[in-house]
Amino acid sequence: MVLLGQIIIWIIMACAVVGVIGAIRDEKSGIGKEFMTAFHQLGIIFIPFAGMLASMPYIEKFVVFVFGGLFEKIGADISIAGALIMAPDMGGYQITESLASSPETWVIALFVSYCSGPIICYSIPMGFSIIDKRDHKFFGLGIMAGILSIPFAVMAMTLLVKFTGTPVRETISNTASSDFNLIYSWGQIWINMLPILVFCLILALLLRFFIDLMVKAFLVFGRFLDIAIKIVLVLSIIEYFTGIFSKLFSWWEFAPIIADAEDQFRALENAGYIALMLAGAYPMIYLIDKFFGKALQKLGAKCGFTEHGSIGIFATCAEQIAMFGIVKKMIPEDKVKVVALSVCGSWLLGAHISITANFQPSLLAIILIGKIIGGIIAVFFALWLGVPMARKLEAKDRENGVIGKEEYLEEEAVLEERRKRRQKGGNNNAAV
């Protein structure tokens, strides 16, 4: 697994070289544009990163105050609570390391952060604000199915670490050796999986039975989070250059956002490292799309996705927000399946691969495999639970005029024809 992770990093670096050559020739289009986009993303990455990391002392206190007693009673590590609500590139790495009682529980919490963390602080608020209102119910069904796959993805990653003996970095660093060997007991794994199962089940049920209320709640939460992050950021900037707030207010505990003697890896440095890795990741995505895009669409078609659904899958592997912009073009069935896959599968080739390569490179292959497993399982949950309901909702919307009479019918007919051909082929094989 360590070797596979190193190979992936070298591939990304090779793509960075191709990207910079393209940027020298033409930075306004093609692979050169993708290379430059990585650095243009630095500011976008830094704003939420800085706001969340600056607030980390208060977030830690909140998590311990709200969840500490409950987690202590069941024997689970409190770092799992922080991981459930914080993405790895929005403070998840830092809060899980700070709260974890051991490197073993820290790594489990990291796996949780990769799958569950983005849902609360990014996916749901951004999804409900970008996606058309008429598609909110399909989006909710997809998120519900995706959430149910999270425990499977986390368990897959944990078992891969346990059985492959993959060493890790014992602390957050982009230079330390990955030489710490994790030792997991089955009891430790199962007890820390319990809160993940409960959290995912509760959130899925809320999305299933109170979708309208959840839409309103997450839109408000997303707006509040955006405002809070920007206010904390500007206060932190003023504090950095003047020191006024720490002098005036004894309660000021916001963390610095730029490296100092105490910590060389603050928000600015972390965001910078992610952007550096994206300088190779974005050109890699461009090359995959250019040389394998049609093949991937054909593969998606064989797996039961329409053309727009296949494009959505590839888009979400790079950046979930790119997929949100395509949702309106997908048939309702694909909306549910692609959104479900995105819960674990998003940022597979983007931010998550970058932050992992920087801070836990030995876990890169394991995290990629776990996210893929989670995405595949999410599609099965979507087919089982979400798609049947989506078809009923589509029929109701078509009847009420929310969906046009001819809308989606052509793509759905193509999809149905493919299913019939596969079914006919299966029957012929069975007869032989």
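Glycine is no exception: its Cβ is also placed from the backbone N, Cα and C atoms.
Features as listed in TrEMBL:
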{"type": "TRANSMEM", "residues": "7-24", "note": "transmembrane segment"}
{"type": "TRANSMEM", "residues": "36-55", "note": "transmembrane segment"}
{"type": "TRANSMEM", "residues": "62-86", "note": "transmembrane segment"}
{"type": "TRANSMEM", "residues": "106-131", "note": "transmembrane segment"}
{"type": "TRANSMEM", "residues": "138-161", "note": "transmembrane segment"}
{"type": "TRANSMEM", "residues": "189-211", "note": "transmembrane segment"}
{"type": "TRANSMEM", "residues": "231-251", "note": "transmembrane segment"}
{"type": "TRANSMEM", "residues": "271-288", "note": "transmembrane segment"}
{"type": "TRANSMEM", "residues": "338-357", "note": "transmembrane segment"}
{"type": "TRANSMEM", "residues": "363-387", "note": "transmembrane segment"}
Need a quick answer: max count of Cβ pairs under 8 Å to the transmembrane segment (338-357), which of 36-55, 138-161, 231-251 is it? 138-161
Mind checking which residues reach the transmembrane segment (36-55)? Cβ under 8 Å, same chain, six or more beyond either end. 23, 27, 86, 89-91, 94, 121, 228-230, 232-233, 236, 254-257, 266-268, 270-272, 274-276, 278-282, 351
Surrounding residues of the transmembrane segment (138-161) on its own chain - C-beta under 8 Å, 6+ positions past either end: 1, 107-108, 111-112, 115-116, 119, 123-124, 127-128, 131, 168, 182, 184, 189, 193, 196-197, 200-201, 203-204, 207-208, 211, 214-215, 327, 332, 335-344, 363, 366-367, 369-371, 373-375, 377-379, 381-382, 385-386, 389-390, 393
Would you mind listing the long-range same-chain contacts of the transmembrane segment (189-211), meaning Cβ under 8 Å and 6+ residues beyond its ends? 71, 74-77, 80-81, 84, 105, 108, 112, 116, 119, 136-137, 140-141, 143-145, 147-148, 150-151, 154-155, 158-159, 162
Between the stretches 106-131, 231-251, 363-387, which one has more Cβ pairs under 8 Å with the transmembrane segment (7-24) than any other? 363-387
Six or more residues out from either end of the transmembrane segment (62-86), which same-chain residues have a Cβ under 8 Å from its Cβ atoms? 52, 92, 95-102, 105-106, 108-113, 116-117, 120-121, 191-192, 194-196, 199
Grab the same-chain neighbours of the transmembrane segment (231-251) for me: Cβ-Cβ under 8 Å, and only residues 6 or more beyond its ends, written as numbers and ranges. 47, 50-51, 54-55, 257-258
